[in-house]
């Protein structure tokens, strides 16, 4: 920073002084800078040509007047004296293509002035000389002073490098400038294309930002020299005055993005990114103002942001460099050279430095050097990343080898432990298999025990039920046998009297009647009928019990068949009738149900288990006294897909905390010796195999209800 500031002051104070005064020409063969002869209109308001031609003017006393930014027209007077005797035909050139409107008033032979208008308000093809600078044909009579008037209007900064030259010198200068600008454009294009290929190769965002910056900076530099208007948008008048400002803002924005990526500001200077963001926002505002036709405010925003942003980025890159980030030195050198080139260019415009090929193209030269240095910096940063990556890979390889060694050692230890653990697991597995086999055998025995207990209960109930009707038969056999014997004796006596000889029929009838009266035959007939009726009722009751037993104990356990569940429930209640002891009231509400596809015998076992538990709960509450009640209700669900069997009692109920455990194997609330705890588990599994479910609703002290839901048809 200190170095290039010293160079600026060196340039300023070592330059020769310039004399200002009237422009005097004597056959110029080269371009002559005549800005020192300009006089500016000092009147007020916005005059026209008639007002200014008769008004006072003040000398600017500057080789290259810099009038800043002005929204109004600026009028000038330019007196030029031809000391020669011959009339001169020259070109008046204003070498600043960014002016919006340039109007030259040239005196005619009749004493009036003719107006010649040029500027960005008309297409480029309307110009006589197809060059970026503004060129006017003028004539200077010999030994005379000729006064020209000039009107300038621009939304950007107004700088007036005015030259006089003959046509040959002018065209040579323009050709040389075009050649240098073409070389510059070629270099910019090569750098952009080359780095664009690098971007697609390495996928590093810095290369993309660099390409965008190079393109925008190149277009901006060409716009300053007027070539953008000449070649890119020669007939787009609307964009002619806006293009340099917009691309200037885009160039600054891309430069900031590139600096953020290249200098790795998120890591090296994270706080500075807030300032970078502010500059980016200002550049965006400048572009938007330009599109809104607020070109003068936009130019001021662009100019101030570019100046402040350039100095800040240079300072930032210097700090990053001294903090140890080596690629930053390329950025510092490149940015410094670009700023020095801009200073040289400005000093040339102000007349402090002599106009030549170097000073007139200082910005382009500095820009090319900067682009090259930044490209070298990108390559250097990529090399650093590559070296760091290689070093990282070496470290990772060493770590990987160390890990591999550790893994091998750990594998050996692990294999030993696995072998030990495998032996232990094998022994445990064998022990578990033995235990599991024992448990399965025990479970089978318990299930068989539960079945035998149910069978014993069933046998006791059946024996009790059959015993009553059989008693009718056995107790009536002896009286019936006695009565039959008396009947046979009566028949024999009647036969004896009937075949007796020597007595009359009347006597025979009298004897027979007397014997029948003695035997009380009428009573005997009544007693025989009564005994036969009792034996018939007992036999019929026994037949019904046998039928119920046959229904209950279905033999088709392994086959799904359609069965009447109401019939199964009724057979179950017949078998369990002896347990009711005439103390438990049973309400049967059998609905009209279709036959259900099921294992009927297994479902009867479920009914038996649930009703048995209900009888136990009722007897537990009422102590085998009256008051107990069991309600059995059946029916079809509303969707006609399943049937329900609800068995409810008013017994002791089941506590809520054990609701979820009642279907666990071996869980029972009965006293020791009164149950195995497998009844409800078997019931649950049986209903589950039928794709049904059991709903339990119970409240302690009020009773319990079991609702069985069984599909009418099983889906295979």
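Cβ from N, Cα, C; glycine included.
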Of the ranges 149-166, 275-292, 401-418, which one does TrEMBL list as transmembrane segment? 275-292
Between 98-121, 122-145, 362-385, which stretch does TrEMBL give the note transmembrane segment? 362-385
Check each of the ranges 330-347, 420-437, 438-455, 456-473 against TrEMBL and return the one annotated as transmembrane segment. 330-347
Most Cβ pairs under 8 Å with the transmembrane segment (244-263), selected from 207-224, 275-292, 330-347: 207-224
Using a cut-off of under 8 Å between C-beta atoms, tell me which stretch among 207-224, 275-292, 298-318 contacts the transmembrane segment (362-385) the most. 207-224
Under 8 Å between C-beta atoms and at least six residues away from its ends: which parts of the chain pack against the transmembrane segment (179-200)? 207-208, 210-211, 214-215, 217-218, 221-222, 225, 227, 357, 361, 364, 367-368, 371-372, 375, 378
Are there residues at least six beyond either end of the transmembrane segment (275-292) with Cβ under 8 Å to its Cβ atoms? List them, or say none. 242, 245-246, 248-250, 252-253, 256-257, 259-260, 265, 298-299, 301-302, 305, 308-309, 312
Which sequence positions outside the transmembrane segment (298-318), separated from its termini by at least 6 residues, show Cβ-Cβ distances below 8 Å to it? 1, 69, 155-157, 245, 248-249, 252, 255-256, 259, 263, 265, 269, 272, 275, 279, 282-283, 285-287, 289-290, 328, 331-332, 335-336, 338-339
The average per-residue pLDDT within the domain 'Histidine kinase' (461-714) comes out at 79
